[in-house]
Amino acid sequence: MASTTTMKCPSPMKATSNGVFQGDSPLDYALPLVIVQICLVLVLTRVLAYLLHPLRQPRVISEIIGGILLGPSALGRNQKYLDAIFPPRSLTVLDTLANFGLLFFLFLVGVELDPRSLRRTGKKALSIALAGISLPFALGIGTSFVLRGTVAKGVSQGPFLIFIGIALSITAFPILARILAELKLLTTDVGQMAMSAAAVNDVAAWILLALAISLSGTSHSPLISLWVLLCGAGFVLLCIVIGPPIFNWMARRCAEGEPVDELYICATLGAVLAVGFVTDTIGIHALFGAFVLGVLVPKEGPFSGALVEKVEDLVSGLFLPLYFVSSGLKTNIATIQGAQSWGLLVLVIFTSCFGKIVGTISVSLLCKMPVQEAVMLGFLMNTKGLVELIVLNIGKDRGVLNDQTFAIIVLMALFTTFITTPIVVSVYKPAKLAITKYKHRTIERKDVSKQLRILTCFHSTRSIPTMINLIEASRGTANKGLRVYAMHLMELSERSSAILMVHNARKNRLSFWEKREVSDSNQIVVTFETFEHLSKVSIRPTTAISRMNSMYEDIIAGAERKRVAMIILPFHKHQRIDGHLETTRADLRHVNCRVLQHAPCSVGILVDRGLGGVSHVSASNVDFKVTILFFGGHDDREALAYGTRMAEHPGINLLVVRFLVDPEVAGGSVTLDMDQTSSPEAQSKDEELLTDLKHKISNNSSIKYEEKLVKDASGTTELIRAYNRCNLFLVGRMSEGQVVAALDENSDCPELGPLGNLLTCPEFSTTASVLVVQQYQIELSQDSINSLKDGELTKEDDSDSD
């Protein structure tokens, strides 16, 4: 008897509700439901990212795990939760939003990939990339026969073989870039090799994916698949012909330092949607068109950076996690049951790791790479991530992968990416903060005719004019020479795009170690190159990209490698319009304290109050008054040595003020702490340096020397206030002697020392910038170390101060 039962399709969800007061439940309507879903996803993935942060895992791991937890593998086992938060009729909206975000994310991935780097890929990187693809792909095809004979019976053989082969052979280019940056390997030889090989791997994977998609259509006619492939190839050729001229025209019309015209941004984003529609119509996938268009965007100039800035945060922070949830809702680990299924999971993991790692290591050793680097490269190339999930989701949507196969390969991708960072860290153990022996670690030296090398650091373009004016004042005479390494400190954030990170690291590796032959369009680099041409200073710009808590390592390593005599750091506060100093970022204080503790040379902290104004002052127009407050000790001697070099510049007038204890007080006053005295050796060096200064005064009228007698701390402070009409104060961080001891009572910023605190406090009225100098010592004094620890302990409170 035929059944008369009819299936009733659920009614489509309306967009918005009338509100709870009208009797509507917000979870029954599309917009409020998707808002709840997004908020839940963001909270869970961010919490997981925080928990996994100590393991230095990329954020994609927390997003994959979050998606699995929200799906039927964990929370989804509760049917009431699944029906309320992720009901079946809402999944279309969720998938649409996820794929919409993924469309633009893949466009950003294409923007990251520089086709010229592929053309420049050497034979070694190409061989490693091909080995890293071919062996795991071949093993993947072999594994697919085992899967097809057990848990994937009845699936179409051709597409299934290719999808499994791609899933096992792919390397996640964006995830690998982030891991390399986290481990500070981007500019190393192994990092460069990994990025070049991963770029080749990425392109090969997309070609194979297009082939797999064309073969996985619903039609059984091979002629249809051929038409899909031919149309896809024609689409790519058409984009290559039409896209670059248009993008280059847009890029030429975007001036450096000026905002990019909104029309160009909108036109490009509209083009992303258009090509997505075209490739979806062809039958490949909308993502393929977005990726191709991204590859064609010019990488130089502000245009690509503006595209990333406009799109990235919304897409990677909001929409992309939805894709992982969408994948998690399709992943049911409960389908992996029994010894056979778990054995297949182990087989897939082993096959993927063995093929990728062994293939890469074998070819790397044949290319005569060191064993340690070859092993590192093998594990780095085994990184999986988002692109693999894309492959798996397309395969599942097209019916090529069933639930059990999908869950097995998702777990394989999660495992292989999770183990990458811990294994690479265990294999690659550089001697952090190892100090290479070199002679000139300070500005104070016997042979002052040798070239002076300085590493200046900056976080934003705001401090560049003061820095350049300070460099101009430091150049001394032409026969001595000054070489400056200008390091742009960029924080490695959680943003998923690696365009700035990868390209800046590669470019600046060249600019740091070798003389540039081609001018960079980067605004900062152009500024320094212009200054170098106009002055007699050799200046090399570079970029350090790191997390704030480890940025000091990059600064120290750069200073050591370039054998500089001084590191100049920006103060963690900047000047407001009213003249007061406010905190830029409290984390910068942590960086400064760590550099002061571990630096292989002298260190200066520059409190910027606009030395010379907001623009570079030409050499002929320099007219600065520099004041040195000299109390005694090695830090003060370093400040004096630096100031003496500055005085050689024809536009610098130097005033050295020495503070001495009044003889009337020295006999028995209790106002000054008489225990705080300098050692005889230090006093002898002070007198020797001051004697040399007095000899120079007879030959240089721009240097003046004064001695002031003081009785107490308040008198010292009042005398210092009298010298506030200058352009720059040069002071030692830990001055020594009886006079300065009484000043070290209230220190808001212990890393500046007593004089630095006095000159930067709100009560001290001056427009002068301050350079606080610490001379290199093999071992810092205990007082100096304690003050730096105090500075780190109070860095959180600093954000509340003016």
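Here, residue 1 is simply the first one shown, and the rest follow in order.
Every residue, even glycine, has its Cβ placed from backbone N, Cα and C.
Look at TrEMBL and you will find 44-423 tagged as domain 'Cation/H+ exchanger transmembrane'.
TrEMBL lists 482-621 with the feature domain 'Cation/H(+) antiporter central'.
Mean model confidence of the domain 'Cation/H(+) antiporter C-terminal' (625-777) amounts to 79 (pLDDT, 0 to 100 scale). The domain 'Cation/H(+) antiporter C-terminal' annotation in TrEMBL covers 625-777.
Counting same-chain residues at least six beyond the ends of the transmembrane segment (29-48), those with a Cβ under 8 angstroms from any Cβ of the stretch are 13-17, 59, 62-63, 65-67, 69-70, 85-87, 90, 93-94, 97, 317-318, 321-322, 324-325. Sequence annotations record features per position, and here TrEMBL assigns transmembrane segment to 29-48 (among others).
Sequence annotations record features per position, and here TrEMBL assigns transmembrane segment to 60-76 (among others).
Under the heading transmembrane segment, TrEMBL lists 96-113 (among others). Residues of the same chain lying 6 or more positions beyond the ends of the transmembrane segment (96-113) and with a Cβ under 8 Å from any Cβ of it are 34, 173-174, 177, 199, 202-203, 269, 272-273, 276, 286-287, 290-297, 299, 304, 307-308, 311-312, 315-316, 318-320, 322-323, 325-326, 386-387, 390, 496-499, 502.
Within its own chain, the transmembrane segment (125-147) has Cβ neighbours under 8 Å at 160-161, 164-169, 171, 193, 196-198, 200-201, 204-205, 208, 344, 347-348, 351-352, 354-356, 358-360, 362-364, 366-367, 377, 381, 405, 408, counting only residues six or more beyond its boundaries. Residues or ranges marked as transmembrane segment in TrEMBL: 125-147 (among others).
A Cβ distance under 8 Å defines the sequence-distant neighbours of the transmembrane segment (159-181), meaning residues of its chain 6+ beyond its ends; these are 58-60, 109, 112-113, 132-134, 136-141, 143-145, 147-148, 152, 191, 194-195, 197-199, 201-202, 205, 208-209, 211-212, 215-216, 348, 351-352, 355-356, 380-388, 391-392, 395, 398, 400-401, 409, 412-413, 417, 420-421, 424, 492, 496-498, 501-502, 505, 545-546. Residues or ranges marked as transmembrane segment by TrEMBL: 159-181 (among others).
Sequence annotations record features per position, and here TrEMBL assigns transmembrane segment to 193-215 (among others).
The transmembrane segment annotation in TrEMBL covers 227-251 (among others).
If you look up TrEMBL, you'll see 263-296 (among others) marked as transmembrane segment.
Annotated transmembrane segment per TrEMBL: 342-367 (among others), in sequence order. Same-chain neighbours of the transmembrane segment (342-367): 124, 127-128, 130-132, 134-140, 142-143, 146-147, 150-151, 167-169, 171, 197, 336, 373-375, 377-379, 381-382, 384, 408-409, 411-412, 415-416, counting only residues six or more beyond its ends whose CB sits under 8 Å from a CB of the stretch.
Here TrEMBL flags 374-394 (among others) as transmembrane segment. Taking Cβ pairs closer than 8 Å, the transmembrane segment (374-394) reaches residues 58, 60, 64, 102, 105-106, 109, 128, 132, 163, 166-167, 170-176, 179-180, 190, 193-194, 197-198, 201-202, 205, 209, 212-213, 216, 285, 287, 320, 323-324, 326-327, 330, 352-353, 356-361, 364-365, 401, 406, 409-410, 412-414, 416-417, 419-420, 423-424, 427-428 in its own chain, all 6 or more past its ends.
Long-range contacts of the transmembrane segment (406-428) within the same chain, counting only residues at least 6 positions beyond its ends with a Cβ under 8 Å from a Cβ of the stretch, are 55-58, 60-61, 64-65, 68, 73, 147, 151, 164, 167-168, 172, 175, 179, 182-183, 185, 190, 327, 330-333, 335-336, 341, 344-345, 348-349, 352-353, 356, 372, 375-376, 379-380, 382-385, 388-389, 392, 395-396. Here TrEMBL flags 406-428 (among others) as transmembrane segment.
Long-range Cβ contacts of the transmembrane segment (193-215) within its own chain (Cβ-Cβ under 8 Å, at least 6 residues beyond either end) map to 109, 113-114, 117-118, 121-122, 124-126, 128-130, 132-133, 137, 158-159, 162-163, 165-166, 169-173, 176-177, 180, 185-186, 225, 228-229, 232, 283-285, 288, 291, 360, 369, 377, 380-381, 383, 387, 390-391, 394-395, 398, 400, 502. Away from its own ends, the transmembrane segment (227-251) comes close to residues 210-211, 213-214, 217, 264, 267-268, 275, 278-279, 282-284, 288-289, 292-293, 296-298, 300-301, 303-304 of its chain (Cβ-Cβ under 8 Å, at least six residues beyond either end).
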